[in-house]
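What follows is a single structure, written as structure tokens, with notes after it.
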Amino acid sequence: MGRNSAEHRRQCHPRLHAPEDTASLPIPDELLAEIFVRLPTPADLVRASAACVSFRRVVADRYFLRQFRKLHAPPLLGFLGPHTGFDPAEPPHPSASAASAIALAADFSFSFLPAPDPAHHWVVWDVRDGRVLLRGMPLEQRRWCATLCTGGGDEDDEPTTTAEETAFRVIWMGHCEDKLITYVFSSSTRQWQAIRSLTWTDLSAGSLSSTETAPFCRRQYAYGCFYWLPNSKHTIKMLVLNTRKMEFSVAEPPTEPKVCYRHITMVEAGEGRPGLVVLTYGPRGHIYTIWRNNNGSSRQWQKDKVIPPSPGSGYVLRQSMGTHLLLNHWGCSSFDEELCTDLRTLDMKTLQIERVCASTVQSFAYSNHPPSLSSLTISNDGY
């Protein structure tokens, strides 16, 4: 009886876990995803995914990758020139190691593509979100332009398939005597479609003769819109293309920047509102003034803040990437657009200027997540 009672107590009492048993309990994938999505950099996520198979399974999930890429902008890896190839970020830039690895692994001469014809080779025409738009035949650049637009539709919609994640569009604009003509190529339909364009009268640019250059240049991007900035002090408006609606409009910059038309750039100013950065030169250095569009109207701009003068000279605004400005730096006030220049970034939050590398003025910024954080796809989207 006593022996049976003791045996019964041993069976009924819960077994206490030893410390090593408790420590080995698996962590749910949902909790791992919440932890990994908060890692500060893509490099940290790559290292975490290499730790074990279960971590890699969580990181490789398509939904997780979308969430991570939404919260973490891809790092700037270097610059890709139309004819000069890839110039990777150099030490001590934080992306130098990844950029060096990509420079060794990738073929930025595009020798794996068949030549367009015996007399020509592929030329880089645009770069966006890790994709590269190439041009095969020489055309008169002064009379037309092409822009790569990633995403196949409304950027607010969540992509649900690999095809939607990798969709892209190409926007082709031709400058005719009385108006712009615009066509959009979709990788989803593999067709070109004309969209309504504006006349030069709409843009207060009069008419464009056969010998004139276009009144707009230096394409910028912010919050789903492309902006073409004035190419002359006589052209005081900006051309805007909303890529969600594929509609053109005209925006008028604030009065002060109109006299500095070559030293302005668009920027994402926060809360979905575009901003305009103006570079002026003072006796103590460069002054950056940020104008913010407060209510979405093309004419409602308000001076947001003024960044104190930065030491040195020879800085020229190039474009923006998120909360950073890209700057050309010659170290002097004069420059030649064909020469190499130091390319630097200015963090508008910390005001820190950081050197990236040396490259030509006409090169394109190349940003991308590591291949292990990208969906694996193979595509051949010629047009």
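Each residue, glycine too, has its Cβ placed from N, Cα and C.
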Match it up for me: which of 1-23, 139-161 does TrEMBL list as region 'Disordered'?
-> 1-23
On the domain 'F-box' (27-68), the mean of the pLDDT values is 88
Secondary structure tally of the domain 'F-box' (27-68) (DSSP, helix then strand then coil) | 30 helix, 0 strand, 12 coil
